[in-house]
Ligand SMILES: NCc1[nH]cc(CCC(=O)O)c1CC(=O)O
């Protein structure tokens, strides 16, 4: 068998995630070579240059894959648009890391312990909406940059707290900075958060066969349901939408998917939370069905407002720096990819 070429970005998180997948394939006896793909976002240090990236980073990896320069690419699932990409296939979703968001606060504080007026940094409209929905009077501040620079804003005393994905922190060995793994009752993670996607060319049967060995069926079912919510809402990955599916045992002992979703206005003025449970085999339909429920109950307006009025994506009293222009850039990046 020839060497599998795995395309990766060179950020610490991307290299670590790619390394995990490479090791899993090597453990099955395959030879894997990492091929660094330098993306536009990596070379010019524009605002979009941040860990995980948005559409631009995934797009460069996908082009390398389609051109045949590499045989597989590893993405953070939550950074991929919910629609299939022509010519490509997600051949594996390895077992998911902790899907929860993580609070990194000064003095070991939790969300409940932070005082009203505390400053919390996040660049994600979903996290802004969830924090605003708590009604605790936090001041949300924009946050960009790689993980270490985000963490430094707390250790430097510039912010009281930041919110990041637990999975990213765990993967790069910074889990010790987490002061609270935020309960999904308070903040539902982004669809796909904590999961990886191993993408291949749809016509590359040999690689599909090899890579599918590291697919985790529970992870795939959960993420399929979560991404179907996003697709049903016709929302992008930067929409204020959270979703978490868990594989649970029902009373008869058979496995089911329990799916929860959240849509909220980033200014905290309104939010929706709905849930649904059903057979694992119906993961996709469950997600679409839950999206319909949310749409019927007003999600369309909330999502449209969040996209059209980015200037309102902060609660009253929050800092206005780095707001509208940055957010438009993110949405544009996602659009280009579709
Ligand atoms: N959009 C950035 C991004 N993409 C993937 C991760 C972390 C890993 C994951 O969520 O799977 C992060 C950072 C974060 O949200 O804190």
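Just so you know, the numbers here start at 1 and follow the chain as drawn.
Keep in mind that glycine also has a Cβ here, set from the backbone N, Cα and C atoms.
What TrEMBL annotates here:
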- 4-208: domain 'Porphobilinogen deaminase N-terminal' (DOMAIN)
- 222-295: domain 'Porphobilinogen deaminase C-terminal' (DOMAIN)
- 237: S-(dipyrrolylmethanemethyl)cysteine (MOD_RES)
- 304-338: region 'Disordered' (REGION)
- 304-314: compositional bias 'Basic and acidic residues' (COMPBIAS)
- 327-338: compositional bias 'Basic and acidic residues' (COMPBIAS)
Within the predicted model, mean pLDDT of the domain 'Porphobilinogen deaminase N-terminal' (4-208): 92
Per-state residue totals over the domain 'Porphobilinogen deaminase C-terminal' (222-295) - DSSP helix, strand, coil: 27 helix, 28 strand, 19 coil
Count of other CB atoms lying within 10 Å of the CB belonging to the residue listed as 'S-(dipyrrolylmethanemethyl)cysteine': 27
